[in-house]
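Read the structure below first, then the notes.
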Amino acid sequence: MLLRVIVLALSVWGEDPLCKLQGNLDLPLLSKTGDFILGGIFTLHNNFICQFLFLNYILPNVSLGYKIYDACGTISLAIKAAMALISGAGEAQSSTLPCSQKSSIHAIIGQSGSSTTIGIATLVGQFNIPVISHFATCACLSNRKEFPTFFRTIPSDYYQSRALAQLVKHFGWTWVGTIRSDNDYGNSGMATFVEVAQKEGICIEYSEVIYRTNPREKFLKTVDVIKMASSKTIVAFAIFIDLEFLMKELLLQDVTGLQWVGSESLVSAKNVATKENYRIFKGAIGSENLQQVNNLYTDVSDLRTTYNVYKAVYAVAHALHDLLACQDNQVPCMTNPKDILPLQKVNFSVNNGDYVNFDINGDPPARYELVNWQLSVNGIIEFVTIGFYDALMPEGKQFIMNNKSIMWATSDGKIPKSVCSESCRPGTRKATQKGKPVCCFDCLPCAEGEISNSTDAVHCMTCPLEYRANEEKDQCILKDIEFLSHDEIMGMILIILALLGALITSMVTVVFFKFRDTPIVKANNSELSFLLLFSLTLCFLCSLTFIGEPTQWSCMLRHTAFGITFVLCISCVLGKTIVVLMAFRATMPGSNIMKCFGPTQQRLSVLTFTLIQTLICIIWLVNYPPFPKKNVNSNKEIIILECEMGSTVAFYIVLGYIGLLSVMCFVLAFLARKLPDNFNEAKFITFSMLVFCTVWITFIPSYISSPGKYTVAVEVFAILASSFGLLLCIFVPKCYIILLKPDKNSKKHLMGKMQTKSVCNSTCLF
């Protein structure tokens with residue numbers, strides 16, 4: 001047979017006189033008998049009428065009755081109504097029925113307020129009677145331990161609070177004020193919002209609590225807090241009855257231009273959406289339950305709440321159907337059809353395609369429509385849809401927004417700013433101000449070599465070693481590679497000087513070769529002179545290996561070639577010095593001292609000294625060969641491409657050996673400096689070695705302190721300067737006599753005022 005399912009829809013204008021008259025809750029406001037009794041506890045006096053819709057539902061030989069009570073919006077009356085439903089007050093009592101019999105009520109639909117619903121659910125849960133609320137959104141009601149039989153057809157504030165927090169973050173409002181009702185709805189909803197907001201980086205400047213029974217001074221204090229605050233966005237988790245008192249004070253003091261973000265009880269409340277209130281709530285944004293729209297009742301906004309009651313009654317009917325129409329393979333199937341209803345298993349679709357089901361906590365799916373208060377051309381306040389929020393979607397895809405359709409609270413129509421500090425641009429980082437929330441910060445530029453490439457960066461990132469920060473410090477760019485190049489001016493100058501030195505040395509060699517039979521060339525030991533000129537040419541040319549991009553071969557060649565050629569050069573100078581010194585110290589007649597250091601011995605000495613350096617270089621190259629290296633530590637702005645020594649000890653042994661020979665040569669030349677003026681080879685050698693030693697002594701600190709490519713330039717300059725010193729001091733005076741004073745290029749002039757024994761000994765030099 002047809003079962004009439006009564007759906008309560010509420011709403012008349014004005015206070016219901018029945019609320020005042022119903023002082024005795026022993027009798028329900030409305031009732032009807034049936035096989036199954038459905039209880040209802042509603043707030044009928046707040047602009048409600050009772051309306052009945054009769055829907056067909058197929059159940060075999062079963063009728064559905066109901067008992068409806070008006071709780072008048074108070075917790076005490078709601079609990080009394082629940083107790084009346086449980087105890088069966090108003091029913092004809094039989095003396096034969098035991099007091100322990102089960103209640104005739106199988107489910108209770110209601111209440112709209114969270115606090116009143118908590119009272120009802122706490123009481124009736126002990127009797128395993130389901131409570132299905134159509135408008136109680138407190139997240140606390142999802143606690144299955146405290147409310148094991150509670151269900152609802154409106155999403156929990158847990159999701160709404162999270163949606164509001166993400167909505168605030170979406171528009172960049174990191175500095176907000178909050179207002180909440182001092183009840184379970186406001187306190188629980190705002191607690192969840194604050195928890196999520198803090199995780200999203202949103203700071204709360206102030207948090208005000210309101211309630212309809214508060215004295216006016218309390219509301220005036222809240223208004224003063226709002227006026228003094230620097231935040232331009234207010235998040236409200238309050239019911240409209242409480243907000244009415246606050247709105248009156250805001251209107252009196254003309255507190256406008258603030259961006260309000262509200263929960264569904266504020267944003268979708270038609271009785272709040274007046275033209276007068278629009279001055280305050282212009283552009284307000286909030287989460288209306290998406291399951292309330294696009295359905296039978298969307299043409300009358302006041303009936304959207306009624307739609308939740310509609311779904312609650314349908315859920316009970318489907319649960320009854322599951323109990324009564326058990327088939328062979330269907331579960332659950334209970335022997336007593338009046339046991340607890342299996343609402344947890346309910347899953348059905350109503351006429352408009354809206355699905356109704358409950359999760360493990362008794363909550364429906366959380367889907368919201370984002371609405372915006374806008375004033376139409378007709379002067380009517382409209383709730384314009386600006387987006388959607390679906391908690392079931394993956395993170396990052398829960399919001400679908402249409403920012404272009406939003407009307408903002410600001411006078412210029414732009415998105416309002418509500419921040420404690422302006423965002424830090426890329427290239428800077430946030431530094432929290434002492435004693436203030438994390439949203440209040442200073443923007444500090446990134447340190448040298450660090451960048452931040454996002455707005456409001458907390459930390460700056462260090463660039464990789466081969467990269468550096470650009471001027472804006474918002475990205476890492478590849479460092480310039482620096483080495484002593486052929487193309488730069490300094491490199492060109494050094495190349496020219498090296499080639500010029502080699503050219504001059506070659507010209508001197510040609511002059512000495514052409515005049516090789518003249519006394520001045522023969523007197524200066526022509527064989528050692530030519531070998532010295534050859535080694536000087538190599539010294540000039542080896543400096544070229546230091547210029548250009550370092551490679552494996554150039555790094556191995558430059559220091560070893562330099563070390564060997566300079567030892568060859570100094571060995572020749574040392575040999576000439578020893579020859580001069582021995583020639584003029586052999587004063588006794590018939591002395592054979594020159595036979596002890598003749599041409600053969602001179603060649604062997606040069607060869608021995610050079611071979612020692614060659615052996616040192618070979619050991620160096622075999623064990624610790626120099627190699628090209630990118631130096632990223634010496635300079636943060638550039639990469640210095642240089643030759644790593646491989647072994648610093650080996651490098652200093654090479655230099656030390658050159659220095660030892662130079663000191664020996666200098667000392668011997670100094671001892672021979674007082675020989676006769678007309679033939680004072682030792683004086684020129686002494687001066688040349690003084691220049692040589694000075695150059696290399698000053699080279700060491702300059703080499704250590706010079707940065708980058710200038711280190712190489714200093715070394716090249718030292719090679720060229722010492723080479724030019726030897727060339728000019730030893731050979732230029734001789735070339736001057738050969739080319740410009742040929743009359744002095746004779747034995748007579750060279751012997752001059754020397755005594756006979758000295759002349760005889762000096763002839764060993766020719």
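Each Cβ is built from the backbone N, Cα and C atoms, and glycine gets one as well.
Automated prediction, rather than curation, is the source of TrEMBL annotations.
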Tell me which range among 222-242, 684-704 TrEMBL lists as transmembrane segment. 684-704
Segment proximity, the transmembrane segment (716-739) to the transmembrane segment (560-584), 3 or more C-beta pairs under 8 Å: yes
Are there 3 or more C-beta pairs under 8 Å linking the transmembrane segment (489-515) with the transmembrane segment (716-739), counting only pairs at least 6 apart in sequence? yes
For the transmembrane segment (489-515), the distant same-chain contacts (Cβ-Cβ under 8 Å, at least six residues beyond its ends) come to 521, 526, 529-530, 533-534, 536-537, 539-541, 543-544, 547-548, 709, 713, 716-717, 720, 723-724, 727, 731-732, 734-735, 738-739, 745
